[in-house]
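Taken from TrEMBL, the feature active site covers His213. The NAD(+) binding site annotation in TrEMBL covers Ala117, Asn183. Summarising the annotation, TrEMBL assigns domain 'Aspartate/homoserine dehydrogenase NAD-binding' to 7-113. TrEMBL lists 161-248 with the feature domain 'Aspartate dehydrogenase'.
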Amino acid sequence: MKIGLIGHGAIAGYVSAQLGSRGIRPAVFLMRTRRALDGQDADAMQVTEARDLPEGLDLMVDCAGHAGLAAHGPAILAAGIDLVSVSLGALADRDLHDRLEDAAQQGGARLHLASGAIGALDCLQAARIGGLDEVTYIGRKPPAGWKGSPAETALDLDGLTKAAEHFAGDARRAATEYPKNANVAAAVALAGTGFDATQVRLIADPGISANIHEIHASGAFGRFSFRIEGTPLPDSPRSSALAAMSVVAAIERQRATIVI
Ligand SMILES: NC(=O)C1=CN([C@@H]2O[C@H](COP(=O)(O)OP(=O)(O)OC[C@H]3O[C@@H](n4cnc5c(N)ncnc54)[C@H](OP(=O)(O)O)[C@@H]3O)[C@@H](O)[C@H]2O)C=CC1
Ligand SMILES: O=C([O-])CC(=O)C(=O)O
């Protein structure tokens, strides 16, 4: 399988290392700017534009956040290359959503959304068939996990002594205002009742060390609650390791003959 990665941050680094241990070396990195990489990625080709990607790629994998997906997603799909993305919140932008859809149709390619730092999306998707009444997502992270987000202006993150909510609203606004922190809200929205009907609360909590995500849903199926305590990636306190793991799992699903 010939794979390329967009970005080389905390998630991409994890994904590349995991692929390496499965005998796959990414053939190319689509970067914002070229720079020296180490380990198995040191000799990989680097490009800064999708049009310079090599021939014969089976799959591109976006680990570059909303900006990376917006910049390169449409061109990759239009070129007929399937794309796995972990930047789900970018789809809250209706214009980008439509451009990705049109490009995928034009190129005969598919955009696969990794489940990211959350689970139970299968349950929500199935429950949606019978009708969902209400879906709420609550995201809790230690203060360091909210650095660089609007939480920084809403709260004194360094001086926080107890849990404090800094966002309550719909998933579209959460995903748009917190591009590095509310992709999970987008995943819940896309699997369930959509960006406008999904309710979101975001909380900074100095009493926790994990990234804690909860879903509460009810509908014709009954009701469920899901909670996960995700260990952050060593290189990035705001990104859960499970998000990176889910990207590798999404790549593995591309190669599987029996798919779950
Ligand atoms: N679905 C989910 O549950 C989760 C999703 N995410 C999403 O994944 C993204 C990446 O997370 P993480 O790895 O921790 O973040 P990092 O900040 O560690 O890495 C981001 C990488 O993306 C690159 N990048 C940014 N813009 C572009 C662009 N236009 N073209 C190419 N590369 C680009 C950066 O390059 P440079 O170094 O040059 O700036 C950097 O290499 C997050 O921003 C978030 O949106 C994160 C966690 C969970
Ligand atoms: O990694 C996490 O725990 C969640 C996250 O950043 C996101 O949803 O964007």
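Just so it is clear, glycine is given a Cβ too, placed from its N, Cα and C backbone atoms.
Keep in mind that TrEMBL annotations are predicted by a computer and have not been checked by a curator.
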For Asn183 (NAD(+) binding site), the three-state class that DSSP assigns: helix
Structural state of Ala117 (NAD(+) binding site), classified by DSSP into three states: coil
Residues satisfying Cβ distance under 8 Å from Ala117 (NAD(+) binding site), sequence separation of at least 6: Asn183, Val184, Asn211, His213, Ile228, Gly230, Ser239, Ser240, Leu242, Ala243, Ser246
Candidate with sparsest Cβ neighbourhood (10 Å radius) among Asn183, His213, the listed recorded positions: His213
